[in-house]
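> Quick one: this structure, given as structure tokens, is what I'll be asking you about.
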Amino acid sequence: MGARASVLSGGKLDTWERIRLRPGGKKKYALKHLIWASRELERFTLNPGLLETSEGCKQIIGQLQPSIQTGSEEIRSLYNTVATLYCVHERIEVKDTKEAVEKMEEEQNKSKKKTQQAAADSSQVSQNYPIVQNLQGQMVHQAISPRTLNAWVKVIEEKAFSPEVIPMFSALSEGATPQDLNTMLNTVGGHQAAMQMLKETINDEAAEWDRLHPVHAGPVAPGQMREPRGSDIAGTTSTLQEQIAWMTSNPPIPVGEIYKRWIILGLNKIVRMYSPVSILDIRQGPKEPFRDYVDRFYKTLRAEQASQDVKNWMTETLLVQNANPDCKTILKALGPQATLEEMMTACQGVGGPGHKARVLAEAMSQVTGSATAVMMQRGNFKGPRKSIKCFNCGKEGHTAKNCRAPRKKGCWKCGREGHQMKDCTERQANFLREDLAFPQGKAGEFSSEQTRANSPTSRELRVWGGDNPLSETGAERQGTVSFSFPQITLWQRPLVTIKIGGQLKEALLDTGADDTVLEEINLPGKWKPKMIGGIGGFIKVRQYDQILIEICGYKAMGTVLVGPTPVNIIGRNLLTQIGCTLNFPISPIETVPVKLKPGMDGPKVKQWPLTEEKIKALTEICTEMEKEGKISRIGPENPYNTPIFAIKKKDSTKWRKLVDFRELNKRTQDFWEVQLGIPHPAGLKKKKSVTVLDVGDAYFSVPLDEDFRKYTAFTIPSINNETPGIRYQYNVLPQGWKGSPAIFQSSMTKILEPFRKQNPEIVIYQYMDDLYVGSDLEIGQHRTKIEELREHLLRWGFTTPDKKHQKEPPFLWMGYELHPDKWTVQPINLPEKESWTVNDIQKLVGKLNWASQIYAGIKVKQLCKLLRGTKALTEVVPLTEEAELELAENREILKEPVHGVYYDPSKDLIAELQKQGDGQWTYQIYQEPFKNLKTGKYARTRGAHTNDVKQLTEAVQKIATESIVIWGKTPKFKLPIQKETWETWWIEYWQATWIPEWEFVNTPPLVKLWYQLEKEPIIGAETFYVDGAANRETKLGKAGYVTDRGRQKVVPFTDTTNQKTELQAINLALQDSGLEVNIVTDSQYALGIIQAQPDKSESELVSQIIEQLIKKEKVYLAWVPAHKGIGGNEQVDKLVSQGIRKVLFLDGIDKAQEEHEKYHNNWRAMASDFNLPPVVAKEIVASCDKCQLKGEAMHGQVDCSPGIWQLDCTHLEGKVILVAVHVASGYIEAEVIPAETGQETAYFLLKLAGRWPVKVVHTDNGSNFTSATVKAACWWAGIKQEFGIPYNPQSQGVVESMNKELKKIIGQVRDQAEHLKTAVQMAVFIHNFKRKGGIGGYSAGERIIDIIATDIQTRELQKQIIKIQNFRVYYRDSRDPIWKGPAKLLWKGEGAVVIQDNSDIKVVPRRKVKIIRDYGKQMAGDDCVASRQDED
């Protein structure tokens, strides 16, 4: 004892006894802690004497540290004590244990760094296999040691892709090159599924690298290294020397570290799959055998301790959902009732070898056969427990029974005195409204006119008879239902009398309980012991099977548990037998069936993170909505989700829930909007009595189609993902969903229809939830009718809150203010601002447009001009002088309040229109002068060039349409245009349209036509033939004219177009002609503009032409077709085309060369894109030094030569499909083969070679492809065989993607064929001949034929070209008289030849070349392939 106590001496012991055990705690270290530590060390066979020195403490800590993570509490306490003791020895000042442990760790980290530094100084060679410097100073590679590889293999074998694998891989691959990393991956290549996932990640990252690091154009400078591509980093297209050079260059490119990072990304994905955090993460790997997947699935399930029911449900849903596509198809075909053994048998051989089959099948049969040990009384997926609320004082946390507050008088439910709550007869199935009454009958009875689809959302228990075996959800109970069944409201506990074993008992109907549990009762028959979990913990019960029980007069037989339960419970096992349902009274309206768009599934959008206060607000809102039956909780079986968020209400601290239904709206069927616009007060007839009502919670009163509810699912997340989110779905029409307005409007119309029929004297205007009710009844009678209407709506579940019930004028309705004999818009205030943003101006224009309905003369054209172009909402826009003036005028107009009157059907409508200038018009519609029904404005220009008459007709049509909508008839028009002007326009203008009856009103400014075009040529006037031409590339152009009197003129223009030059030519003719002129053009565009006689235009050029036309006395404009040999037209065409229009033979060569230098596209793409002959396109490729890599395809690119095919085996429905893809065209040949053997593969290959020219086959390293039989078949058929490179991004890419495509098509046609082999051939036919796209927009079948035919033609042409190449060409440039050459002849056309001089490819006209034979130096004769043309 003394020895142990002497660990610390005097001063140190005082320090020890001042240190607290916990931060802020009262207890401090004492001598007893040292004695305890000594004894513990002895127990762990450590020397207690080590405690006496700081060095000894350090040694103890070194021993204890590795055990802390997995050790017991005692070890942790011992570690803490020793750490504190170390600090005392070292005289480090600490206040408590926590601080001591932190100080200790700091010391350790410092010493560790020192050790590492010392190790680095003493040796320049890493422990693994980095790049090292040899004696000559060269950087050489020290190969990876077998010991390291062995360690890596053991890690994978022992840890099987658990999270520890990643740090171990990182440590073992320190300083590795890509080649080393690939060696490590190849040693564990047997894990096919994992390697496939890793390969996909590497491919993705390599592609991303290439995207972010594009290749620099041009050749690499001498002595400079090329930049690594994605496949170089992955070690597939780079040599070890290149990798070392990159890693050691200055600055270095750490290709090893980059590749290692990619592999770790892939390993992370694999770890997530093999060591999932939750059951939802357990997914089957791409090539993982189904049995291995099941094994992992159940291992995790067993760890989660779920009840057997939950496990069964997971097997049926999650196991199928998360299987790979091959297995999923099979599992779905088996149907929902398949056992686990059936599933595993069916999936045998799919995705890989079934090496665990027998063992696993036996294990699984034991798992599923054994009875579950723990049966939870309630489901595992319940939400948090609801807090108790006191009926008496209203506070949470206690019941009324235990309430200390003075007892409240009267009933706690209805508030009336004279009875207690348990005797209350008041019906309050009130889940949606403040006050829901059913005045026409007893609780739960609806009048006979109300038919209803019995939704399982009425919150009452309804028991259906045994003679009527219906489903639990009540899906079959459509239409009218008799309400004679017992209904039990949930305002009290649903207690009923039951009869069991000849005894009467009182029991609680509990839809939340799985089992029926009764307190001590003697029942006949055998029983077995069982444990069940309830709210208060576990209880022991006796289980009796096949017991008859009578509930509410209906008999059921099932399992009954007997034990010490606080209350008798009838659970779901018996309630479902008697057809008991839980119902909510939302609205007794029939639901409107809704579907998704064909071929679409529901939304699966992830919920984004939300702040804590938003989550709390949403939880409160949703709890309230759930109580009211608007939404219901759902389990994880619903795969759909829509994101939600919360915003604060305007001028309030309350939150509002918003659901982002954009994705669901895209997928939901389209609806026909019942109402096409909003009602207008000018169309209201004058009524004696008026009332305005508002329907409260409008959408939430209408039920949503049951089958559609699942698609409205949303999730409230938890803070820091503490628990799974709470999932809900809507039972009613959601706000923000596209179907809600249409369904609500049609439901409201149906409900109001009987009331409208019974009360024809009452006018009801309905727009969404706003109701305008008018009548000519006395106010007392009118209000009685209003109450009847409110009652009628209430019967259907719609409340009309008093708060929004307007009885006295002025009535605020739809943004209008209604008085008994007049109406106006609600007051409008235009803001005064120093600076205006785009958003401010948008709001301002909106207000002015709204005001223009009754305030005449409002203009917004100049304000709208400020908003042109794409501007940010917050961008400040300076007001132009015109806009400021317009705004000031509008302010003046709005100063005086203006009112409109109501419509009198006995009087005519009159519309008067005035021109305001600047293309703006104002109008008034009235029945009596100076008493406007409404006003408005028109300022739309339907084209760049217009005139007043055209605008006037457009305005009239707008007013006529508006009148038909509001009053059902067109008004008489008073227009500021003379009849003669109108007649002239209407007869001449081919686009003129009908306008209604009208009369002339002399309101200046009058509308007139400013000039007229003649119908016949003007005799004696000069005729101008005009034309214009422009070059699209250079944007240079010419315009001009030729006259019948020999005059001509051509003017050049820059930055122009063909259309502009045509108009420029007309402008020239008008400027240079007299007062009378004939103009002939070949431009339909120019003719169309001028024939419409515009008097204003947005185009400056057209405005100049209008000015010239107004000055003329007579103008005749005619059109002739271009290039048809018409005298003057042909002359002027030649004039303006010179040097502008250039028709060059093969003028795409330069562009093709430029594009090839940038993108190095293949000859076929150039031939297609630039319309070049294949030989010229191939020559461009041949003259490119980067594209000449020994005739092979460039690294990392798929070789698309015509004879190359890729082959691969894929699996579907337990069978093997051998797929061959013609790489260049995407054409497929596929067959179901009996077995994946070399014999079958060789036979398929010979069949393929017999149909198509096969030069090369590219396959993976599968045993069937590497077999001797296939090699023999390839040798016989003269086919070269190539194999894929491991981890090469493009190695088997074409056939892999075709496998997916083929399976997708098979899935689409599978139900049309009995056998898989038939479906495969159908899919091949569809792919080859019914799907078009890619180069040329062909189908794959057309493309392969085209490619093979082109190849044959090219070979033939090549033979001719070899002959042509025996000729040499001497040529002259346009301005240089000296003959150049000899050049090589590439192509001979009709008017030009294509030659190659050094590396330049040129197009030279035939008249400027001399073609001679190489040997003879004489001119080529007529018999030669390239006969000579006449020279200039």
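Using N, Cα and C of the backbone, Cβ positions are placed for all residues, glycine too.
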> Among ASP1044, ASP1072, ASP1133, ASP1150, which residue shares the Mg(2+) 2 site with ASP1027, GLU1062, ASP1082 according to Swiss-Prot?
ASP1133
> Quick one: which of ASP1208, ASP1311, ASP1346 does Swiss-Prot put in the Mg(2+) 3 site with ASP1260, GLU1296?
ASP1208
> According to Swiss-Prot, ASP769, ASP770 bind Mg(2+) 1; which of ASP694, ASP705, ASP840 is also listed for that site?
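Answer, per Swiss-Prot (Mg(2+) 1 site with ASP769, ASP770), from ASP694, ASP705, ASP840: ASP694.
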> Tell me which range among 12-19, 132-139, 140-147, 1412-1419 Swiss-Prot lists as region 'Interaction with host AP3D1'.
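Swiss-Prot lists region 'Interaction with host AP3D1' for residues 12-19.
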> Non-local Cβ contacts of GLU1062 (Mg(2+) 2 binding site) (under 8 Å, 6 or more apart, same chain)?
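Spatial neighbours, sequence-distant, of GLU1062 (Mg(2+) 2 binding site): VAL1026, ASP1027, GLY1028, ALA1039, THR1081, SER1083, TYR1085, ALA1086.
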> May I ask for the distance between ASP1082 (Mg(2+) 2 binding site) and HIS1156 (Zn(2+) binding site), taken between their Cα atoms and rounded to an integer number of Å?
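That separation, Cα to Cα, works out to 40 Å.
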> Express the distance between the Cα positions of HIS1156 (Zn(2+) binding site) and ASP1133 (Mg(2+) 2 binding site) as a whole number of Å.
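Rounded to the nearest whole number, the Cα-Cα distance is 36 Å.
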> Under DSSP, is ASP1133 (Mg(2+) 2 binding site) helix, strand or coil?
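The residue in question, ASP1133 (Mg(2+) 2 binding site), is helix (DSSP, three-state).
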> Using a 10 Å radius around each Cβ and all protein chains in view, which of these binding-site residues has the most neighbours: ASP1027, ASP1082, ASP1133?
ASP1027
> Could you give me three numbers for the region 'Interaction with host AP3D1' (12-19), the DSSP helix, strand and coil residue counts?
7 helix, 0 strand, 1 coil
> Does DSSP put ASP1027 (Mg(2+) 2 binding site) in a helix, in a strand, or in coil?
strand
> What is the three-state DSSP composition of the motif 'Nuclear localization signal' (26-32), stated as helix, strand and coil residue counts?
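Output for the motif 'Nuclear localization signal' (26-32) reads 2 helix, 1 strand, 4 coil.
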> Over the span of the motif 'Nuclear localization signal' (26-32), how high is the average pLDDT in this prediction?
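Result for the motif 'Nuclear localization signal' (26-32): average pLDDT 87.
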